[in-house]
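For reference, TrEMBL has these:
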type: DOMAIN; residues: 41-290; note: domain 'G-protein coupled receptors family 1 profile'
type: TRANSMEM; residues: 26-49; note: transmembrane segment
type: TRANSMEM; residues: 61-82; note: transmembrane segment
type: TRANSMEM; residues: 102-120; note: transmembrane segment
type: TRANSMEM; residues: 140-158; note: transmembrane segment
type: TRANSMEM; residues: 197-216; note: transmembrane segment
type: TRANSMEM; residues: 237-260; note: transmembrane segment
type: TRANSMEM; residues: 272-292; note: transmembrane segment
Amino acid sequence: MEPQNLTSVSEFLLLGLSDDPELQPLLFGLFLTMYLVTVLGNLLIILAVSSDSHLHTPMYFFLSNLSLADIGFSTTTVPKMLVNIQTHSKSITYAGCLTQMSFYFLFGCLDNLLLAVMAYDRFVAICHPLNYPIIMNPRLCGLLILVSFFSSLLESQIHCLMVSQLTFCTDVEIHHFFCDAPQLLHLACSYTSINTILIYFIGAIFGGIPLSGILCSYTRIASSILRVPTTGGKYKAFSTCGSHLSVVCLFYGTGLGVYLGSSISPSPGKDAVASVVYTVVIPMLNPFIYSLRNRDIKRALWGIISITA
């Protein structure tokens, strides 16, 4: 294959999850439903937190920001896939591909960092309950959100800059439903070994450090819970972080599975299906996970429903 100059690459082709025409209406209906549930569920969480003064605490402040990031995460990939299915087109412009990839890494990294911030919040609440209001003051909470956002923006721009330097071949078919950096590296005709190393190095920093923070926080939390003398006390302490722990396991389990799996035994089909879990399914499930196990959120949601009814 002859390499094309990067400026002459006008578009890529997103092959999606399936080439079967009979499956396209089913995929369209399924992903449209999941997307609408994701947006509605996360908007309800944001509305519940903002409208109920009892929820104006650091934990729910971080949760509302996580909901906002989840909406952005799904919006980055799903609407374009739905448009392509509806119009029977698989194309995405070069600029659109880079933009989608940038927002994908922005919101994905923001999700990652917010989960680490929420783990730290639970650590302070359980291990240092008396000093919790002093430590988790509004200034620190705002600073943690800003640091998370600008760190995510930095990671997304590094990936965008790295991919923009690549030279692509005449084959521009992406075996995925969105533009992802590893998929674009596979299409490049230029030397990509350094880029591949850079991707995993960046992943180790922006993914490994927050994950280490989460593991450290939960190690300390588990140690504190085990020292609680009564079973009821242990359950009450664990229940405050059970929802967060469930989301962490889902998010990191699927995310690490995709990137480690693609490096060991590349399989575009399996990668795409696994990507659906952490880009579509997890943002959809987060509002249910946090609301079904949380009396405060349920009370606030019922209050909103009663007002609108």
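Each Cβ is built from the backbone N, Cα and C atoms, and glycine gets one as well.
Count of Cβ pairs under 8 Å against the transmembrane segment (140-158): among 61-82, 102-120, 197-216, 272-292, the largest is for 102-120. Nonlocal intrachain contacts for the transmembrane segment (102-120), taken as residues 6+ away from its ends with a CB within less than 8 angstroms of a stretch CB, comprise 59, 62-63, 65-66, 69-70, 72-73, 76-77, 144-145, 147-149, 151-153, 155-157, 159-160, 178-181, 206-207, 209-211, 213-214, 217-218, 241, 244, 247-248, 251, 255, 279.
Counting same-chain residues at least six beyond the ends of the transmembrane segment (272-292), those with a Cβ under 8 angstroms from any Cβ of the stretch are 16-17, 31, 34-35, 37-38, 41-42, 44-45, 63, 66-67, 70-71, 73-74, 76-78, 104, 108, 175-178, 180, 243, 246-247, 250-251, 254-255, 257-258, 261, 298, 301. Averaged across the domain 'G-protein coupled receptors family 1 profile' (41-290), pLDDT for the predicted model comes to 87.
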